[in-house]
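> Please find one structure pasted underneath; my questions will follow.
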Amino acid sequence: MIKVYFLGTGGGMPSKNRRLPAFLMKREGFSALFDCGEGTQYTFTEYGLSSVSLDLIGITHMHGDHVLGLIGLIESMGMLDRKKPLNIMGPKRLKEFLYASFEMSHFRPKFELRFIDEYKGNGIRVKKFETCHTVTSQGYILEEEEKVNLDIDRLKAIGVNDWNVLRKIKGGEDVTYEGRILHHEDYIIKRSGSKVVYTGDTRPCENTVNASKDAALLIHDSTFLDEPSALTYGHSNVSEAATIAQQSNVNLLALTHISARYPEPEPLIQAAKKIFPRVTLPNDLSFINVE
Ligand SMILES: [Zn+2]
Ligand SMILES: [Zn+2]
């Protein structure tokens, strides 16, 4: 199960109702933050969430509302004496931005910053895909590895209950048991892991449809209700986000990066529902469990 925390669901500038973009995704033994708007570390502290143990930070693009909280967050990790390396994914200039800021604010991290293109570990894989904004930008696909379970009913039916045999079958070995060969693939059930996709700021984009195919959750830019300026500023209207969700057959669409001009969520939800029924508009600090 992946737990997705919506730490900041606004965009552009903070409003009374919504903070700047930040999404925490946790799974047993793993946590990642996607985007880090100004003030994100306060949100962690306020709600008793840990930022010092993050395994990965993914930044979608270099607009201030998505990245200006990162310097402070990393500097605080240093003050909390973090030792383990921090994996970072993001646009090319992110590294330059971070090191220039550290230099000017007299901070030298004592832990390693690993700038990577893809993350794999703890049963999770994180990949990027190019999105369609006014500046270079990338979205993220967070996917659980395939789950392998024993077909217990089938094994019971042939009287196998030796844990050593079961362990080998689950590990992908063929086993000789009481004179017969048990082919492991006959006794395991494979289930694909859950997939969560976050777009960052984007126009409706073919790449997002491909990246989000059958995802459990798509978190999509939905800055405007129905504004031509979505095109000018490289954002999406809610109906466009809903169309992408429909084309990619996701299980649930979460509208985000909501403009401060919409204090009431209902008109946006209704507009999206006309196109795609399984839609939600999360408030800050709500969460969704993705099975
Ligand atoms: Zn933005
Ligand atoms: Zn932007």
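In case you wondered, yes, glycine gets a Cβ from its N, Cα and C as well.
Automatic prediction, not curation, is the source of TrEMBL annotations.
Got these off TrEMBL a minute ago, pasting:
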- HIS61, HIS63, HIS133, ASP201: Zn(2+) 1 binding site (BINDING)
- ASP65: active site, proton acceptor (ACT_SITE)
- ASP65, HIS66, ASP201, HIS257: Zn(2+) 2 binding site (BINDING)
- 187-258: domain 'Metallo-beta-lactamase' (DOMAIN)
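Let's see these features in context: how buried, what's close, how far.
In the three-state DSSP classification, HIS63 (Zn(2+) 1 binding site) falls within coil.
The Cβ of ASP65 (active site, proton acceptor) has GLY11, GLY12, MET13, LEU20, PRO21, GLY37, GLU38 as same-chain neighbours under 8 Å, each 6 or more residues away in sequence.
Mapped onto DSSP helix, strand and coil, the domain 'Metallo-beta-lactamase' (187-258) counts 22 helix, 21 strand, 29 coil.
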> Among HIS61, HIS63, ASP65, HIS133, ASP201, which recorded positions lie by ligand 1, judged by Cβ under 6 Å to any atom?
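HIS63, ASP65, ASP201, by Cβ distance under 6 Å.
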> Take the C-alpha atoms of ASP201 (Zn(2+) 1 binding site) and HIS66 (Zn(2+) 2 binding site) and report the distance between them in angstrom, rounded.
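With distance taken Cα to Cα, HIS66 (Zn(2+) 2 binding site) is 9 Å from ASP201 (Zn(2+) 1 binding site).
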> Give me the long-range Cβ neighbours of HIS63 (Zn(2+) 1 binding site): same chain, 6+ apart, Cβ under 8 Å, in sequence order.
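When sequence neighbours closer than 6 are ignored, HIS63 (Zn(2+) 1 binding site) has VAL135, ASP201 within Cβ distance under 8 Å.
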